[in-house]
Amino acid sequence: MTTPRGNQRRGGAAASPAAEPYNIIPIHDLLADHPSLRFPEVRAAAAALRAVGGLRPPPFSAWRADQDLMDWLGAFFGFQRDNVRNQREHLVLLLANAQMRLSSADFSDTLEPRIARTLRRKLLRNYTSWCGFLGRRPNVYVPDGDPRADMLFAGLHLLVWGEAANLRFVPECLCYIYHHMALELHRILEGYIDTATGRPANPAVHGENAFLTRVVTPIYGVIRAEVESSRNGTAPHSAWRNYDDINEYFWRRDVFDRLGWPMEQSRQFFRTPPDRSRVRKTGFVEVRSFWNLYRSFDRLWVMLVIYLQAAAIVAWEGDGWPWKSLRNRNTQVRVLTVFITWAALRFLQALLDIGTQLRRAFRDGRMLAVRMVLKAIVAAGWVVAFAILYKEAWNQRSKVSQIMRFLYAAAVFMIPEVLAIVLFIVPWVRNALEKTNWKICYALTWWFQSRSFVGRGLREGTVDNVKYSVFWVLLLAVKFAFSYFLQIKPLVRPTQEIYKLNNINYAWHEFFGKSNRFAVFVLWLPVVLIYLMDIQIWYAIFSSLTGAFVGLFAHLGEIRDMKQLRLRFQFFASAMSFNIMPEEQQVNDRSFLPSRLRNFWQRLQLRYGFSRSFRKIESNQVEARRFALVWNEIITKFREEDIVGDREVELLELPPELWNVRVIRWPCFLLCNELSLALGQAKEVQGPDRRLWRKICKNDYRRCAVIEVYDSAKYLLLKIIKDGTEDHGIVTQLFREFDESMSLEKFTVEYKMSVLQSVHAKLVALLSLLLKPEKDITKIVNALQTLYDVVVRDFQAEKRSMEQLRIEGLAQSRPTSLLFVDSIVLPDEENSTFYKQVRRMHTILTSRDSMINVPKNLEARRRIAFFSNSLFMNIPRATQVEKMMSFSVLTPYYNEEVLYSKDQLYKENEDGISILYYLQQIYPDEWEFFVERMKREGMSNIKELYSEKQRLRDLRHWVSYRGQTLSRTVRGMMYYYEALKMLTFLDSASEHDLRTGSRELATMGSSRIGSSRREVSIDGSGYYSRTSSSRALSRASSSVSTLFKGSEYGTVLMKYTYVVACQIYGQQKAKNDPHAFEILELMKNYEALRVAYVDEKHSNGGETEYFSVLVKYDQQLQREVEIYRVKLPGPLKLGEGKPENQNHALIFTRGDAVQTIDMNQDNYFEEALKMRNLLEEFNRLYGIRKPKILGVREHVFTGSVSSLAWFMSAQETSFVTLGQRVLADPLKVRMHYGHPDVFDRLWFLGRGGISKASRVINISEDIFAGFNCTLRGGNVTHHEYIQVGKGRDVGLNQVSMFEAKVASGNGEQTLSRDVYRLGHRLDFFRMLSFFYTTIGFYFNTMMVVLTVYAFVWGRFYLALSGLEAYISSNTSSTNNAALGAVLNQQFVIQLGIFTALPMIIENSLEHGFLTAVWDFIKMQLQFASVFYTFSMGTKTHYYGRTILHGGAKYRATGRGFVVEHKKFAENYRLYARSHFIKAIELGVILTLYASYGSSSGNTLVYILLTISSWFLVLSWILAPFIFNPSGLDWLKNFNDFEDFLNWIWFRGGISVKSDQSWEKWWEEETDHLRTTGLFGSILEIILDLRYFFFQYAIVYRLHIAGTSKSILIYLLSWACILLAFVALVTVAYFRDKYSAKKHIRYRLVQAIIVGATVAAIVLLLEFTKFQFIDAFTSLLAFLPTGWGIISIALVFKPYLRKSEMVWNTIVTLARLYDIMFGVIVMAPVAVLSWLPGLQEMQTRILFNEAFSRGLHISQIITGKRSHGV
């Protein structure tokens, strides 16, 4: 938005105010020649700010006459100068835009008082709410009708916010600061006298930069000290205060007494670690435990546990239907035990509250601690009471009175639940009770919940209530019926049979006698685990069906392809005019309902073509011309992006009105084959003209094609025949006769329709000659003569003599020469318009196919189809651009790629593949179109692309726009700027403007096919560029921008700005980093682009000062200029990096809304056209609230790179479409899942910003914005008529790191206060929706893996203990229906079916059912299930580990193109702990079960029981190889294993990295155990004890043990472990001591140990029952024990490290284990690599999607290619 610095007349004097750099509008110089200053609203806002008359001058600085209200506030309260400048422009833009939106604005230069009042109220709404919560009166005193006071209080708020730095994350802290400063402002305005000094009152904090140094910095210092005490986030959350704790300190009523004003740094709040008397956690303590899941969602678990208990009791008693069983009195009484359980669960909740929150409660207020203890006592009392009452009821169960006593008690117990149900039915009552600040309400609700500023009044309206209640009631009914009949009931009989067994003969030493209860536990455990998680499966099914239903009603997928596009295209102009163009707004039109009904009827007409004969558009040429301009601009943008070719542009664009054609000239692709069909009809249809014409007119495209060809032929022939010649007259007369014949409806009578084919052929021949590069006039004359002969001699029904022809003027009067010989005049080749029209005419005449493959590029087709479809969806009506809401886009950027360099383009990987070559193969059509464009722009040889500077830059752009680069994102977001300029022009363009404009564009010729390069003034240009930069117009000269009047720029500057938060741009500039140069280039090319960064300045005293800086590129000065520099209190990054980066740049954004866009996103011009429609959603009610976040649909553009990218893309697409759709409506729990959502900026501005930033706990920073929005009473919606592009990770390692980050983030969310509050404050059904769509998804994924473990370990226990054999021989069966149901459900999840179901349904909706099914089959053939099973392991590992031990961190995935082979060592580092070791463990158990299990004798039974588990084992081991390019290449795997061994044995040193040395990796991989808490350590040890079970189970099965079951057998087996350990220590000791100098001694010791081992085996074989097979079997017993010892040793690492010998032995042992694991993993891979043909198949599977796009993968992988392009 670079503009001339004010008025050039003033010269360049530095002192001149015009020389001051500005951001968007030069408010300091209202006389400047700037297009935005033409708006009276801007001048009115600026003038209102200058109304300082009557205000007391500030005493601390010199006051100048040109200063305004913001300067006045800055001088009084000590704000920074640049903060004042920044917020002045901010306030002026807010006021001006608000006044522009007023439909009754009277264009006077005065500000409407209600504008300032409304803005002030909106900005201060959170402050006034906070005051009410604390029982304080707001200190904002504004007399009615005083806009100056409104502006002062609003301005003060903006100045406080603009300089608050990291304090913006603590919004109620800002409320506290503002509260006191507003009071001081009021006193100044009212002229209060300070009683202490007798002088006029002044602020307590004043002086230069006083606000920063005395208010912000002390609180910042507290936050910084707390963060530093967190040891980079590794300390327990309970040990330090994060942003939320600081903020919630200001929710206390006594905060005013505790802190005072000005805040004294001696107060307790300002004490920092390690001071033990400091303020500790406030509001909530995050404790690392799985119990958080129960604490936060206790209502869910109570429901599941109680139903399980009741169902088990009912099923135990009866065989029939459950209601029949309940007729039994015993069953009835037994069911009452659920109340004991319920009371016990309440008691558990109370204990957990005490255990986690009691210390905090005592600090927050004694009453809270009292309530916690009382709750525990009451809950315990209920347990005792119910137990006593139950005992009496059971003993006297025949008496109804005893049972009634129990039921009366139960009724009292359930009073809170009944009350909750009543308030659920009348949600407005609950909202009112929660929102009110009356003390009586606090007293009434004290027992049920803590007082909290957030989480009040979250209930939805009755309609929404009903919708999501019906969803969940149906789902739970199905789930519980399924659970009863297929999970619980089938287990009852086997359980009863096992219970009756006695005298069981165990195969080992049994410690607990002959009990068989553990067998029952083993049988029930997997069933119970699946029972607890299978709501997730039912949710997937129900949400998919609901999403499809909602999508159908939203009219998604109605236009899926070009075929359907053709059917609807004729309604496009009307649809675009209706939706994209603003409706005519009457000033007094306030009738809401009639306008809604009118809109509904018009949409119906548009969608289904009711009463909408398309001929109407021909009468409304304004609509048609407007549509043509928009449509053609979209096609031009497609051409610039190289997704269509020059020829396709001609086929797709709507030509302007030329050649006197009477009808709309449809794009060629719609008219293809129509003329041929019309000729056929003319030949076949017998009868009058009217009948034939009616037949042709049935298809409107056909009618238009016929008329256009006729009119064009007439114009063409008269154009190329010299005017004034006799030949010209003959042709004119011919057409006159045709016209007359048609007007009299005698054409079919007077002419032979059968000859039309011949006329057609001759005309085509003539056009072909005209289109040849070398024009042969003789041939053209011959063609004309032939055409004339056919028309005159054959076509006419009546033969006419030569004489008659002469008389009628149809032949030469004196035939001196041949006809047309001297009268042909062809236009010059430069007249591209003429030849373009000839080409069009030739296409219409000759096309025979249906052109459904135009455009051929799949992405172009998808985008056209989506845009077309969206025009028929329910979109809010647009307003004029001047009246639209203003908005910004914010993109955080750190150090990613901006633009690929030449070296990166050509750098080859180990297979010889460069990025450029790869992209040429994957996008062959786009490469072809790019080369074509370059040639049209003057490139003579393709080698110029690699040598000539400008061409090379074009090539770098082409590659970068296909990667995930900043340049791609910026180009996409600047489409908003271009779209808004165009829409501004169309808003104000008259019919005359449109008519002359379309002709002007037409006469410019076909050069409208533009370029992807951005010159200074193409599309992103300055408002003055139309006159100043002639070279700019050379490349896209016929773009609509050439029609602009100049005023468009001023409007758009006020409506849109784009800020990229390039955090380290300052450092990059200092280092001359190429990234900095490319960012500067982006600013040069895009006027609305601003870059915000953090600058570090080192002062003389050695201190570092930090500044938030905003820069732009000044086109006049031709350099980067600094606009604002706001000093920060210290380093920016206290919390997570990305939200901190967003937060510092947020002060430079403008407007009512802000869209958050990530660095891996893209945008499309045609979608940008709909942005003003989307912003209107903020004014609509959704339920009882207006939205505060508008969710936007995403299209994942990386799906074509590989099959893995396709799986990820399909999964992501279903999540961001169908998933989000259902969350928003009907479930009403959509949060903010990453970008590109649009935020109500002013609402979030005072409520903590657009993300949360506390270290570690907020690692998934985005979703917390959604949590915060919902808790603070906001509403989040989802809109699918607009989409934004998004890149995703495309390689398995990238995907896994991304999923690890998200799973860890969900682990941290589980501990957070936001999730706890939402779990308690949402009503029951929304709580269910919230759980199963956030952390519940990850928890239930983990439960699936635990089910596999429970099943496999259970079977292992039954088989090895001998129980399985005993049970199967003494009962009917253990392999019953319940187990079958469990295995089926678990396998269904494993295969990714419940991930795939939403994908299939969404695909069906948008692309058709058969396409969806075929895609699903293709996915399965490409091992999608392997990927989803593998992905399940990633989620489980990181989610579980994060909750247990922490260790969540940001994982940079890299966003490059993945075509390189990943080495085995890298895969091992990434997957050893999460997948390989777990898979090996399960594999060993399954192998042992096959050996010792009773069902292993029956192969079929064994396969059916274990197939899902084996599938999981193989998926977890093989997936990293299947999805690794060349993963099954024998030579590569051989080299990889060598590399792996080198990595294992490399000792390394201090600075060595984990990818170089195994030891360093091992240290990092076990780092989480160093920071885990006591409970984490205990649980880790308990989990590791399972490895010792192998040894206990197997040693009794060895032949050497005989039939003995003595415990001595097990104890003796430990002697073997001890001997092995001694041998290892001995070898290690002698190796360290002698291996270097006295090597022979070392070898001697080795020989003695080996000899002793062999001798021991020989002796055992000779004198005991030991058999050689026992040696291998015992390995399976002892190796897991060794791994268990290592795992437990890691927990005690700090203590064991004290003994160097012990620790070194453990390290050596661990290294040997990792070598063994590596060998086990590589063994199946080696076998597969050795088999012929599998490598080719794997390559085909991995790159199949790319294959279908023409990728020669065999060349790519093997590198067999020529190095030419």
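Backbone N, Cα and C define each Cβ position, glycine as well.
Pulled from TrEMBL:
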DOMAIN    148-264  domain '1,3-beta-glucan synthase component FKS1-like'
TRANSMEM  300-321  transmembrane segment
TRANSMEM  333-352  transmembrane segment
TRANSMEM  406-429  transmembrane segment
TRANSMEM  468-486  transmembrane segment
TRANSMEM  515-532  transmembrane segment
TRANSMEM  538-556  transmembrane segment
TRANSMEM  1330-1352  transmembrane segment
TRANSMEM  1499-1523  transmembrane segment
TRANSMEM  1607-1630  transmembrane segment
TRANSMEM  1642-1661  transmembrane segment
TRANSMEM  1668-1692  transmembrane segment
TRANSMEM  1712-1731  transmembrane segment
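Helix, strand and coil content of the domain '1,3-beta-glucan synthase component FKS1-like' (148-264), in residues and according to DSSP, is 77 helix, 2 strand, 38 coil.
Only sequence-distant pairs (6 or more apart) were considered; of these, at least three Cβ pairs between the transmembrane segment (1499-1523) and the transmembrane segment (1712-1731) are under 8 A, so the stretches are in contact. Counting same-chain residues at least six beyond the ends of the transmembrane segment (468-486), those with a Cβ under 8 angstroms from any Cβ of the stretch are 307-308, 311, 314-315, 322, 460, 531, 534-535, 538-539, 542, 546, 1226-1228, 1325-1326, 1328-1329, 1377-1378, 1381. Below 8 angstroms of C-beta separation, residues 509, 1591-1592, 1595-1596, 1601, 1641-1642, 1645-1646, 1649, 1653, 1674, 1677-1678, 1681-1682, 1701, 1704-1705, 1708-1709 of the same chain, each at least six residues beyond the ends of the transmembrane segment (1607-1630), sit close to that stretch. Comparing 333-352, 406-429, 538-556, 1330-1352, 1668-1692 for CB pairs under 8 angstroms to the transmembrane segment (300-321), the maximum falls on 333-352. Using a Cβ-Cβ cut-off under 8 Å and counting only residues 6 or more beyond its ends in the same chain, the transmembrane segment (333-352) has close neighbours at 291, 294-295, 298, 301-302, 305-306, 309-310, 313-314, 317, 326, 372, 375-376, 379-380, 382-383, 385-387, 390, 393-394, 397, 403, 406-407, 409-410, 413.
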